[in-house]
């Protein structure tokens with residue numbers, strides 16, 4: 001295999017940077033857990049992961065500030081997107097941030113979860129919970145949109161904004177309770193070990209009586225909640241939405257245009273923009289998270305003893321996956337004119353506030 005040969009022959013710490021602490025021997029089939037692996041791709045992955053944290057944090061915060069404005073938060077869809085943005089913000093500070101810490105900060109290439117039993121449990125809980133919440137809120141957005149298009153009673157009942165708030169909290173409570181065992185059962189301290197070098201006495205994602213506790217047991221449940229169920233429902237809803245949008249467009253094109261229905265056409269245009277935005281967001285989520293799901297379900301066991309190939313592949317797939325949780329702000333800006341209008345008003349208001357503050361200081 002050309003990739004494995006290239007990785008085995010590469011020695012990043014050659015010459016003056018080689019020392020006793022770092023021994024990057026690229027024997028891919030070596031089972032030594034204390035071996036440290038370095039490769040330029042891993043550094044590139046770490047830098048990209050850090051950039052996702054920065055860009056995603058700014059983008060998701062701006063999304064929240066814009067969507068909570070009165071003109072937008074009165075809509076059911078926007079409330080679900082606020083919840084999704086909060087979840088996306090949390091996802092960036094779990095496994096994604098760990099990539100940067102593991103390959104750029106920690107000299108022994110340990111994970112953030114290895115710092116203490118507390119960090120092990122908190123990070124794992126945050127990672128699984130936030131990812132599941134993000135996908136479920138996007139799924140609910142698609143489902144709500146499809147129900148609004150096909151059933152009039154939905155918009156007058158469960159589709160109302162105040163009901164959306166209740167649904168958001170119910171889903172959050174259910175997902176949090178479902179993953180709460182990670183806060184109490186995940187990880188243990190190996191009392192028999194003596195920490196040195198890369199080795200740490202914190203054993204995360206395992207239990208003393210069950211080494212398969214999280215991987216692969218709980219991971220299978222996570223994949224069903226994070227990928228399988230949302231993927232299926234979002235795909236079905238998007239097909240229904242696209243079909244209904246196309247048929248509505250054909251009907252509209254057959255009607256004669258006049259000044260009397262100008263407001264109607266404007267409303268239909270905004271609805272079409274909203275539909276396009278939701279379809280694009282859910283489509284990107286499916287496309288960007290699908291490779292990681294395929295790897296974890298079908299390919300992960302093939303790379304258990306193949307390092308650093310495992311690190312490289314997992315890092316690239318995680319970066320692709322978490323890109324979907326960092327770019328929604330740009331999708332909203334590109335597809336929704338009302339989102340752009342509210343963003344301009346927000347910055348204009350901030351600018352006026354700064355000018356008023358400087359005027360008061362000058363006085």
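Heads up, the Cβ atoms here are built off N, Cα and C, so glycines get one too.
Pulled from TrEMBL:
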type     : residues : note
DOMAIN   : 59-332   : domain 'G-protein coupled receptors family 1 profile'
TRANSMEM : 41-68    : transmembrane segment
TRANSMEM : 80-101   : transmembrane segment
TRANSMEM : 121-143  : transmembrane segment
TRANSMEM : 164-184  : transmembrane segment
TRANSMEM : 223-246  : transmembrane segment
TRANSMEM : 277-299  : transmembrane segment
TRANSMEM : 311-335  : transmembrane segment
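As a quick check, the transmembrane segment (223-246) and the transmembrane segment (121-143) clear the bar of 3 or more Cβ pairs under 8 A, pairs 6 or more apart, so the two touch. Counting Cβ pairs under 8 Å to the transmembrane segment (277-299), the stretch among 41-68, 80-101, 121-143, 164-184, 311-335 with the most such contacts is 311-335. Confidence across the domain 'G-protein coupled receptors family 1 profile' (59-332), taken as the mean pLDDT and rounded to a whole number, stands at 89.
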